[in-house]
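Enquirer: When I checked Swiss-Prot for this same protein, it listed these features:
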| type | residues | note |
| --- | --- | --- |
| ACT_SITE | K282 | active site |
| ACT_SITE | R356 | active site |
| BINDING | K270, D275, D293, E354 | Mn(2+) 2 binding site |
| BINDING | D275, D352, E354 | Mn(2+) 1 binding site |
Amino acid sequence: MEFSVKSGSPEKQRSACIVVGVFEPRRLSPIAEQLDKISDGYISALLRRGELEGKVGQTLLLHHVPNILSERILLIGCGKERELDERQYKQVIQKTINTLNDTGSMEAVCFLTELHVKGRNTYWKVRQAVETSKEALYSFDQLKSNKVEPRRPLRKLVFNVPTRRELTSGERAIQHGLAVAAGVKAAKDLGNMPPNICNAAYLASQARQLADAYSKNITTRVIGEQQMKELGMNAYLAVGQGSQNESLMSVIEYKGNPDAEARPIVLVGKGVTFDTGGISLKPGEAMDEMKYDMCGAASVYGVMRMVAELNLPLNVVGVLAGCENMPGGRAYRPGDVLTTMSGQTVEVLNTDAEGRLVLCDALTYVERFDPEVVIDVATLTGACVIALGHHISGLLSNHNPLAHELIGASEQAGDRAWRLPMADEYQDQLESNFADMANIGGRPGGAITAACFLARFTRKYNWAHLDVAGTAWRSGKAKGATGRPVALLSQFLLNRAGLNGDD
């Protein structure tokens with residue numbers, strides 16, 4: 001679908017449809033008031049008859065309104081004017097896209113980007129409209145033999161901005177929004193792919209294809225089990241021992257900073273392409289969803305695509321730590337003691353706490369890049385789901401400024417994270433009688449002790465950990481990957497590049 005911005009009066013629009021807002025209780029938005037005046041009170045008369053109350057998501061499609069050049073006007077409820085926030089704004093945009101498609105509109109001019117959203121500027125409103133539109137149109141049917149094409153006639157959407165001087169900001173918002181949306185889609189597609197297709201080798205092939213597509217800035221190298229063994233990545237290797245699929249770590253390097261020697265931002269994604277729990281076998285119910293245990297790696301891949309698409313003036317390294325945790329005669333066991341790449345030893349108490357074993361070696365590996373910061377992304381703990389539910393990701397960090405940056409980016413992007421504490425007292429729960437540490441710390445504070453484990457491998461750089469176990473996918477009827485936290489990390493990198501949309 002094509003997006004563009006313009007600045008014009010609603011009465012001058014010759015379009016298949018104009019989209020304007022109505023507030024509760026039956027209050028016209030400023031643009032709707034202009035149309036009402038031109039139509040000699042036609043719209044307000046309909047509202048007085050109770051045709052539309054203005055609740056969030058309510059719609060009323062008007063045909064051939066008197067004195068209006070456009071064929072139709074779509075009125076959409078926006079709730080109470082002073083309470084229109086980011087979440088409601090996105091709900092309104094999503095409803096708009098679905099309604100336009102349902103009603104057969106091929107193109108439309110949307111004036112919702114002129115609504116006042118608390119604390120948000122035109123750039124934010126246009127960009128969120130683009131990202132939300134793409135989200136509303138997403139489907140995953142690659143593996144269906146009988147593809148039913150949904151009715152999506154909408155081909156062009158024009159966002160109106162209040163003044164001509166905001167056109168540049170709006171155009172930039174579309175560019176950024178499309179790149180972020182493409183990154184989200186890439187992450188969702190990877191996450192939704194079944195584990196018999198999407199194994200570590202598949203992740204590696206996608207990483208190589210990304211380098212082929214953006215060869216000017218991106219190089220990819222893939223580290224196999226033999227090289228991991230030579231590097232001493234024994235914890236990572238142990239997790240994949242029970243699987244017939246080789247563990248592979250894909251390292252994607254993007255160089256966009258004019259200073260080629262500038263220290264990179266490093267993103268590390270947990271890529272366990274299927275997690276049975278290993279010898280500590282998971283319950284059978286909903287085990288199919290353990291294909292989503294690679295959503296951390298999928299999100300890093302999506303972010304790297306966004307970075308390359310926008311040609312950001314940064315150096316960024318993305319690591320996809322791919323493997324599969326299966327039971328078998330060669331699988332690692334509870335009671336094993338592993339020597340990590342860092343030289344520290346770990347007693348395995350539960351083979352289903354495997355993500356931290358993969359990450360600890362990957363986090364040691366990335367020391368060689370002399371990183372400015374390192375951010376790992378992982379569907380790491382069920383404890384984080386219990387703590388924060390399915391709406392907000394967990395954030396833990398050894399560096400306050402980095403944590404504050406990420407929280408700020410999460411608020412900007414509408415991809416929220418919440419910082420959890422990581423006090424030294426929690427480290428005591430990881431004590432082992434037989435090794436430097438255990439790989440679990442018991443049930444209390446499980447998301448925190450998992451991060452405390454990782455913190456022992458990140459002492460040489462500023463680091464943050466995003467636990468997306470509750471936010472990376474949805475269960476139930478709407479089952480599927482969400483693409484989070486691509487939007488959060490994209491915003492973080494846009495901010496670092498000085499492209500945060502502030503006018």
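Note: Cβ is positioned from N, Cα and C throughout, glycine not excepted.
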Enquirer: Within 10 Å of its Cβ, which one of these active-site residues (K282, R356) has the largest number of other Cβ atoms?
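Expert: Per the Cβ count within 10 Å, the most buried is R356.
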Enquirer: Using the alpha carbons only, what distance in Å do you get between R356 (active site) and K270 (Mn(2+) 2 binding site) once rounded?
Expert: 9
Enquirer: Within a 10 Å radius of its Cβ, which of these binding-site residues (D275, D293, D352) has the fewest neighbouring Cβ atoms?
Expert: D352
Enquirer: For E354 (Mn(2+) 2 binding site), write down the residues of its own chain that are at least 6 apart in sequence and whose Cβ falls under 8 Å from its Cβ; none is a fine answer.
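Expert: Expected: V239, V272, D275, G278, N325.
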Enquirer: I'd like to confirm something. Which of the recorded positions, K270, K282, D293, has a Cα closest to the Cα of D352 (Mn(2+) 1 binding site)?
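Expert: Out of the listed candidates, the nearest Cα belongs to K282.
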Enquirer: Using all protein chains in view, find how many other C-beta atoms are within 10 Å of the C-beta of K270 (Mn(2+) 2 binding site).
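Expert: K270 (Mn(2+) 2 binding site) is surrounded by 31 other Cβ atoms within 10 Å.
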Enquirer: Which of the three DSSP states, helix, strand or coil, fits K282 (active site)?
Expert: coil
